[in-house]
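K.L.:
Submitted below is the structure of interest, expressed as structure tokens.
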């Protein structure tokens, strides 16, 4: 059975690596093509950086929880302690999810725009895509606000052991610190997240033009 040259209306014969050359990608013959591609790439890359930084922080705080709780059993006296950091974990998960959505929507748009610049789409598709962009932008704003509030004002804490023992645990496992706003990784991911949100707002505005 011969391989179809068209899938979902896309002509596969138009797919060429040369489409990704700078002079072809930023050709001004199409309305707002250059502006859209620049907005896509900046938003995707910055949100990817925010996602990776948040993922690193999440991994470190999960490890801290595991290490402190396990270490408490090895000392005399042993305590069944709990390290509470669900607030920052939730903020980072929300950040990761919406940064992935940004990469998915913007990446698809970039791919279609580069390879099929002449293709027109039905109104329902354009409206759906714009609605998704607005929803993702709102979700990213929620992630940025939640992350900012949690990191600025909150702290992880330990229960189930006296204060002196808690200090002993954190003296050994001091990175990441219990206080979120003194960990540089957290500050970095918030800054990247806000910049990424501004870029998604710009993308959504350009997309609606």
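Note that the numbers count up from 1, one per residue, in the order the chain is shown.
Backbone N, Cα and C define each Cβ position, glycine as well.
Note that TrEMBL annotation is computational and uncurated.
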K.L.:
For the feature transmembrane segment as recorded in TrEMBL, pick the matching range from 160-181, 182-203.
P.N.:
182-203
K.L.:
Per TrEMBL, which of 15-36, 37-58 is transmembrane segment?
P.N.:
37-58
K.L.:
Tally Cβ pairs under 8 Å between the transmembrane segment (182-203) and each listed stretch (37-58, 93-116, 128-152), then give the stretch with the top tally.
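P.N.:
Per the Cβ count, the answer is 37-58.
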K.L.:
Six or more residues beyond either end and a Cβ under 8 Å away: which residues meet both conditions relative to the transmembrane segment (128-152)?
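P.N.:
For the transmembrane segment (128-152), the nonlocal Cβ contacts are 47, 54, 87-88, 90-92, 94-95, 97-99, 101-102, 105, 109, 180-181, 186-187, 189-190, 193-194, 196-197, 200-201, 203-204, 207-208.
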